[in-house]
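Step one of this worksheet: look at the structure below.
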Amino acid sequence: MSKILKTIIFGAPGSGKGTISSRMVNDFNLLHISSSDLLRNQVTAHTPVGQEIAKYMSEGKLIPDPLMIDIFNKELQKVNQSWLLDGFPRTLTQAKGLAEIHSVNLAINLNVPFETIRKRLEERWIHKPSGRTYHLTWSPPKIAGIDDLTGEKLIQRDDDKPEIVQQRLKVYDELTRPLLRFYKDAGILQTFSGTESNVIYPELQNFLKVYLHSFNAQ
Ligand code: G5P
Ligand code: MG
């Protein structure tokens with residue numbers, strides 16, 4: 001039996017974490033655990049915590065660290081296979097909270113220019129119940145405005161408005177960028193740079209094939 005791989009993927013909002021994660025999950029049999037999926041579950045449950053979370057998200061602000069750490073610790077307790085965390089950790093406090101419980105093997109950093117990101121997010125449409133993501137020109141749905149799998153309507157995310165995107169990029173610079181140093185010092189950082197997910201992913205895929213070969217042989 002192969003060993004359990006503990007991976008995270010991080011990068012600025014719109015850098016392609018969701019897009020690249022879905023390809024990794026298909027190719028490498030990883031369990032995708034996305035912070036926005038977990039947060040959305042709380043929001044749709046209409047609990048008081050969910051209402052708080054919805055407010056932070058719509059303003060492009062981060063949910064407080066203790067709450068995020070608690071949500072992920074509980075989720076990871078249920079898991080018994082290799083995992084890929086998308087969107088968590090995204091502050092140093094969260095990274096340290098995770099490190100207290102799990103030794104992450106690999107931290108994948110997507111490095112995409114902010115100008116590329118701003119343009120991408122203007123054209124993103126999502127299927128809210130599932131989190132499935134489309135892009136009007138790059139990965140359009142088969143029928144405009146309609147989810148391919150369910151036939152339900154697509155919407156634009158509240159936090160993809162240009163002024164909120166600007167706020168999210170600022171939060172990334174201040175609070176998430178320091179993770180680069182944290183994971184570099186831990187010796188597990190791998191950065192993939194570019195403007196196209198279709199170019200970044202094959203590089204990452206090749207890297208992972210080699211990485212997993214030696215990881216499983218250890
Ligand atoms: P999220 O949901 O984690 P972000 O801001 O980190 O949000 P986001 O917006 O989900 O990240 P992504 O997953 O990095 O972006 O990117 P994506 O969705 O795959 O791609 C973006 C768009 O570009 C899509 O339309 C896609 O089709 C298109 N695209 C991809 N590749 C290409 C390409 O090569 N070319 C082109 N043209 N298009 C492409 O977090 C949201 C909020 O939740 C809270 C915060 O409030 C946060 O703001 N939150 C947390 N708070 C505290 N701590 C945490 N750990 C939190 N996690 C979430
Ligand atoms: Mg995402």
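The count begins at 1 with the first shown residue.
Any Cβ shown, glycine's included, is placed from N, Cα and C.
According to DSSP, Ser15 (GTP binding site) sits in a coil region rather than a helix or strand. The feature GTP binding site is assigned by TrEMBL to Gly14, Ser15, Gly16, Lys17, Gly18, Thr19, Arg124, Ser197.
Using a 10 Å Cβ-Cβ cutoff, Arg90 (AMP binding site) registers 24 neighbours. According to TrEMBL, the feature AMP binding site maps to Ser35, Arg40, Lys61, Leu62, Ile63, Gly87, Phe88, Pro89, Arg90, Gln94, Arg157, Arg168.
Annotation comment: TrEMBL describes 124-159 as domain 'Adenylate kinase active site lid'. For the domain 'Adenylate kinase active site lid' (124-159), same-chain residues at least 6 beyond its ends with a Cβ under 8 Å from one of its own Cβ atoms are 14, 18-19, 34, 36-37, 40, 57-60, 165, 168.
Under the heading region 'NMPbind', TrEMBL lists 34-63. Long-range Cβ contacts of the region 'NMPbind' (34-63) within its own chain (Cβ-Cβ under 8 Å, at least 6 residues beyond either end) map to 18, 21, 71-72, 75, 85-88, 90-91, 128, 131, 158-159, 164-165, 167-168, 171, 175.
Feature annotation from TrEMBL assigns region 'LID' to 123-160. Taking H, G and I as helix, E and B as strand and the rest as coil, DSSP gives the region 'LID' (123-160) the counts 3 helix, 12 strand, 23 coil.
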How many Å separate the two farthest-apart Cα atoms among the GTP-binding residues Gly14, Ser15, Gly16, Lys17, Gly18, Thr19, Arg124, Ser197? 14
Anything from the binding-site residues Lys17, Gly18, Arg124 with its Cβ under 6 A from ligand 2? List those in sequence order. Lys17, Gly18
May I ask which residues of the same chain, at least 6 positions away in sequence, place their Cβ under 8 angstroms from the Cβ of Ser15 (GTP binding site)? Leu110, Asn111, Val112, Ile117
For GTP, residues beyond Gly14, Ser15, Gly16, Lys17, Gly18, Thr19, Arg124, Ser197 with C-beta within 8 angstroms of the site's Cβ centre include exactly Gly11, Ile20, Leu110, Val112, Arg120, Thr133
Cβ neighbours within the same chain of Thr19 (GTP binding site) - under 8 Å, at least six residues apart: Thr133, Ser139, Ser197
